[in-house]
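Novice: Handing you this structure, nothing more for now.
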Amino acid sequence: MALAVLRVLDPFPAETPPLAVLLPPGGPWPATGLGLVLALRPASESPAGPALLVAALEGPGSQNGQRGPGPPQLLVSRALLRLLALGPGARVRARPVRRPPALGWALLGSAPGPGPGPRVGPLLVRRGESLPVPGSRVLETRPALQGLLGPGTRLAVTELRGRAKLGPESTQHSRLPPPPVASSFAVSHAVRQLKGVLGGTGDALGVTRSCLRGLGLFQGEWVWVARVGEFPNTSQPHLAKVQLLEPRWDLSERLGPSSGQLGEPLADGLVFVPATLAFNLGCDPLEVGELRIQRYLEGSIIPEDRGSCSLMSGPPFARELHIEIVSSPHYSANGDYDHVLYRHFHTPRVVQEGDVLCVPTVGQVEILEGSPEKLPRWREVFFKVKKAVGEAPDGPASAFLADTTHTSLYMAGSALSRVPLLPSGRSTPWDSLSPPGLEALVNELCAILKPHLQPGGTLLTGTSCVLLQGPPGSGKTTAVTAACSRLGLHLLKVPCYSLCADSSGAVETKLQAAFSRARRCRPAVLLLTAIDLLGRDRDGLDEDARVVATLRHLLLDEDPVSNCPPLMVVATTSRAQDLPTDVHTAFPHELEVPVLSEEQRLSVLQALTAHLPLGQEVNLLQLARRCAGFVVGDLYALLTHTSRVACARIRASGLAGGLSEEDEGELCAAGFPLLAEDFGQALDQLQTAHSQAVGAPKIPSVSWHDVGGLQDVKKEILETIQLPLEHPELLSLGLRRSGLLLHGPPGTGKTLLAKAVATECSLTFLSVKGPELINMYVGQSEENVREVFARARAAAPCIIFFDELDSLAPSRGRSGDSGGVMDRVVSQLLAELDGLHSTQDVFVIGATNRPDLLDPALLRPGRFDKLVFVGASEDRASQLRVLSAITRKFKLEASVSLVNVLDRCPPQLTGADLYSLCSDAMTTALKRRVRDLEEGLEMGSSALLLTMEDLLQAAARLQPSVSEQELLRYKRIQRKFAAC
């Protein structure tokens, strides 16, 4: 992509679209009368992601053409500059787009009145953009966010109402003009108090234009900044420059579901404070708080070696600067950083005694050559200012400028110090101080670690060791990283699998080396991931006493009288029960990653999709409900799978031969949204894989249309489950039933009923067969029962369906096992059922053929207190409803009469019998189709039809699965329990 400079043409030609560019004569691109399409993006942005497609037309003559050497100039309107979030003279990267994507479908919004007129030729449009037709806007496009609207585009038109009628241009023109600023500088000496937030780049305070006018300051002016606290001398004032903060380029947001809105405006009452300045001020990075700002008036900078003179006040230059390198686990304190420091101080920097300086190392490979340790290059190196001496050693100045011309730099020794949080530049939600879904966990970690950093923290009793447990992918490492960033602590990550060795002595040596390395860069947190891997022998069966003793000694070994900053240890595990007892008891603090609620899953999805273009039909709230039981890593994997599905959909939407490499490149430049169907397909794939791996619950796809008859049973089930969900205020009155028992002959649809309830009520469904919970090992059967209810609580709202409940919970005292396993399982099941009253959104449905074999305690109020009999269909009307539900997805001939089919069937039929009838008829139809294909009587592409003859043959062979004597026995059981 070639570099180009944007130049505002004012006034812009009225006959030219406002979001087009004019090409100068003699430029690098052919300027023809028909024009071409250019892909533009700011020069500072990475080439990944979508670009802005604009129409490039032939510009005016040589009087407005390019003059002199340098990049070519593009003549643009102010509306295009606002969309790019750039100013006049900004540089962009531009490349011609040979084949812009053609839009297959577009949704247009039109104001009340006549709709859009006839189209004349292709038109380059973008989602959220106003059309040349008055009152019309592009609301949605397929398959790309930008492309050509032509004769082959299918259009859908809807009516715009309210503020949706206004495009971004009209909202800009509707603002009131800014007030005059000629007299606002009369109050420049006053002390102003603003609220600071962590943000901005470099070493300057970032403010908006209106805030800059309100402060009465100029761009680049020096100010004193101090933190406002409870005491007058809460923090030492620091010097900083004031810079105008411009909005950031993000085409995905500008072409996102907000339909052309330019994002949230910057708040005028806020000042954006860089991370290093906030750290030196002593501010909390999560909430910078109130700042006191005053203009610097102590002197003026008059450089002698330059032709111009600035009368703005500025700090003096330092004659000497003494610094110490801050010890860190990410770089060597003994390395040669002369070249890095020289390049950093080539630009004058503000220094004050006691400050921590951040020196970036990006693009500087010299530190790798001189590093005595084999460490990868870290993106920044920290130094602490020990002393700064001005030209007048006895002068009152406390802040200086340091550069390579006026200052002599001295570096000796190292220091132990906290360091500020710096943004990584990747702009991911996991790098924030409060990762979405993990805010409460990070707060708990900070509350445990912070007291040890306060003055006198070494006198606290107990060690600062924390055990963090949670399933894989739940965000344990992310939470620890965020807590360390918030507290300014060094973080040394050590995976415990790297500490494992063939002998106990080797493991002991590696452990001591890891702790020794962490102590050299205190205050620090040593993060031991998967600590359950330590303390076991090579077979993994017995404990390694030597390793356990060493690890316990290292965890508890703290010198209470040491003046050094503390070393804190955080260990993570997904199987806390596998930890040796001596290691487990060495952690006085134990935290568990909480299960993500629906609101937390929504916040994670919103953070992950913040910079992704989504289709208008994507409902993140509904998606969060379907992701019940997911951890943070699962939601991240969902977005990855969705992107792959979207790419596959785009490739499949091309011609028969597929999209060429050039077409794929142009489509990626235009950008394409993630649709609801992409999320649905990815979610199905992920849930299937997750369910097969760990038995996670999922929402079934069974509706009431799949259940024929049983109207009374449906009503009783919905009153038990749906009523508390729709009216939670009834729970305070005690009107709650958490258990429901379905009993009756086999094959009557008890399992199908439970699945249909889960689907209709949007509940996850966890099906448990009774015998699969029984285990030969002592205590494992009870653990399996507890695990089932734990998974259900994690996936709430959820239905636990116990099939064959009589095999899991028979009457106690009658089992034949010598160890009393079944009695303990029944007791554990009763305890879990009693604990459901504290969990509002977990319901239990049991199914059995023999309720008389169940333990009587299960049928008492508060447990399975609602018994519902699901019997066989005895009348033709109910049998017809069941048969119609089964055959609703079949292709039936017009001559098929289900009533006549039922007349040939036995009188007593269950749902399983009718399903067997349809399955037998389908098998007969398949045999007939194969025979006709072999004889050439029928084409294979035609649909398979069920004929009346197929159904009648199956009805003639049908035998009821439940005899009349068995049905009578089930009815006697029903009357027995109904009388209780």
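Glycine residues also receive a Cβ, built from the backbone N, Cα and C atoms like all the rest.
Here's the feature list from Swiss-Prot:
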- ARG119: omega-N-methylarginine (MOD_RES)
- 470-477, 744-751: ATP binding site (BINDING)
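Walk me through the surroundings of each of these features.
Specialist: The DSSP secondary structure for PRO472 (ATP binding site) is coil. Annotation for PRO472 (ATP binding site): same-chain Cβ neighbours under 8 Å, separated by at least 6 residues, are SER574, VAL631, GLY633.
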Novice: Given the binding-site residues GLY470, GLY744, PRO746, and counting only Cβ atoms in the protein chains shown, which has the most within 10 Å of its Cβ?
Specialist: GLY744
Novice: For a quick check of packing: other C-beta atoms within 10 Å of the C-beta of THR748 (ATP binding site), how many?
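Specialist: Step by step: centre on the Cβ of THR748 (ATP binding site), count other Cβ atoms within 10 Å, giving 28.
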Novice: Within 10 Å of the Cβ of SER474 (ATP binding site), how many other Cβ atoms can be counted across all chains shown?
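Specialist: Result for SER474 (ATP binding site): 26 other Cβ atoms within 10 Å.
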Novice: Within 10 angstroms of the C-beta of LYS750 (ATP binding site), what count of other C-beta atoms is obtained when all protein chains are considered?
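Specialist: Taking all protein chains shown, LYS750 (ATP binding site) has 25 Cβ neighbours within 10 Å.
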